[in-house]
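For Arg58, Thr59, Arg108, His136, Gln139, Gly264, Pro265, the entry in Swiss-Prot reads carbamoyl phosphate binding site. The L-aspartate binding site feature in Swiss-Prot is assigned to Lys86, Arg169, Arg223.
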Amino acid sequence: MALKRKDFLGLYNVEADEINEILDTAQAMKEIFTRTVKKVPTLRGKTIINLFFEPSTRTKSSFDIAAKRLSADVMSISKSSSSVAKGETLLDTARTLEVMGADVVVVRHSAPGAARFLAENLSASVLNAGDGAHAHPTQALLDMYTIKEKMGKIEGLNVLIIGDIAHSRVARSNIWGLTKLGARVRVVGPGTLIPRDIEEMGVEVYRDLDEALEGVDVVNILRIQLERQQKGLFPSIREYRHFYGMNEVRLRKLEDRALVMHPGPMNRGIEIESIVADGEQSVITEQVTNGVAIRMALLYLLAGREINDEDLA
């Protein structure tokens, strides 16, 4: 079944049934990973353009692999390799690629709303791979997929997000998605990094990490953006690590079944200690693997194809 929309820009306007459809499709896609030949002809003849104007390893590589496993033709373009470096506008670049036959444009940009701007001006489908501090829907979806895969459900779980909530597109997208699927979401971090209106999104705000950890099923640790410290939004790296770093002592406060997540890249020794990142409760590597499945699912659904045995053979 195809998505109900031309573009996929965020989770703020996506209903629970559509989120579940994406997660179910990702489950079907992940089965392909177990095959000797990890490729299906589903999107043969389709062209996917990955337009990345911000540095990325995981997301960009994940979209590349996802498109290729579906047999799509894929081209990846960075800011430095595009005519934007020569002064061309984002829209002119995207329109040029569209008239060359792009079916889906995957875009990452530092400006909030960049993906929506392209979606309103292109006939090709636009998939948001992160726009400023606004949204990162595919990261939230792979996080939700990982939680559901490991815990068997999302509804009723207590999920804690730690760190810079104010500037995190990952946090915002996770909150939108998790609350729609019935999870109870908590956030914790320095007061300067917690938006004043965050409770309006249906979350519970904590100031003390040790208190916030009580009774949680999932801990999602955000990368601390070190440039924020230079702007005085928190006193020092050492103080942040002391009050908000996930270490072995805090790990012991969790139940054995609780999950530890991180969207990457990690600042080991700051927001997360290696013993936590590499421990038995960590599902960080699974998040990366599941990212490919989620992005395959979205590319597949945006192309408007129906799931059947022939497509996945």
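Don't overthink the numbers, they just go from 1 along the chain as shown.
Using the three backbone atoms N, Cα and C, a Cβ is placed for every residue, glycine included.
Here the features listed in Swiss-Prot are placed on the structure.
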{"residue": "Arg58", "record": "carbamoyl phosphate binding site", "Cβ contacts under 8 Å, 6 or more apart": "Gly264, Pro265, Val288, Gly291"}
{"residue": "Thr59", "record": "carbamoyl phosphate binding site", "Cβ contacts under 8 Å, 6 or more apart": "Phe52, Arg108, Ala129, Gly130, Thr138, Gln139, Gly291"}
{"residue": "His136", "record": "carbamoyl phosphate binding site", "Cβ contacts under 8 Å, 6 or more apart": "Asn128, Ala129, Gly130, Arg169, Val170, Ser173, Pro263"}
{"residue": "Arg223", "record": "L-aspartate binding site", "Cβ contacts under 8 Å, 6 or more apart": "Gly163, His262, Pro263, Gly264, Pro265, Met266, Asn267, Glu271"}
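Within 10 Å of the C-beta of Gln139 (carbamoyl phosphate binding site) there are 25 other C-beta atoms, taking all protein chains into account. Counted over all residue pairs in Arg58, Thr59, Arg108, His136, Gln139, Gly264, Pro265, the record's binders of carbamoyl phosphate, the longest Cα to Cα distance measures 16 angstrom.
DSSP assigns Arg223 (L-aspartate binding site) to coil in the three-state reduction, placing it in neither a helix nor a strand.
Listed binding-site residues: Gly264, Pro265; maximum Cβ neighbour count within 10 Å falls on Gly264. Across the binding-site residues listed here (Arg108, Arg169), the residue whose Cβ sits among the most other Cβ atoms within 10 Å is Arg108. Taking the mean position of the Cβ atoms of Arg58, Thr59, Arg108, His136, Gln139, Gly264, Pro265 as the carbamoyl phosphate site, the remaining residues of that chain whose Cβ falls within 8 Å of it are Ser56, Thr57, Ala129, Gly130, Val170, Pro263, Gly291.
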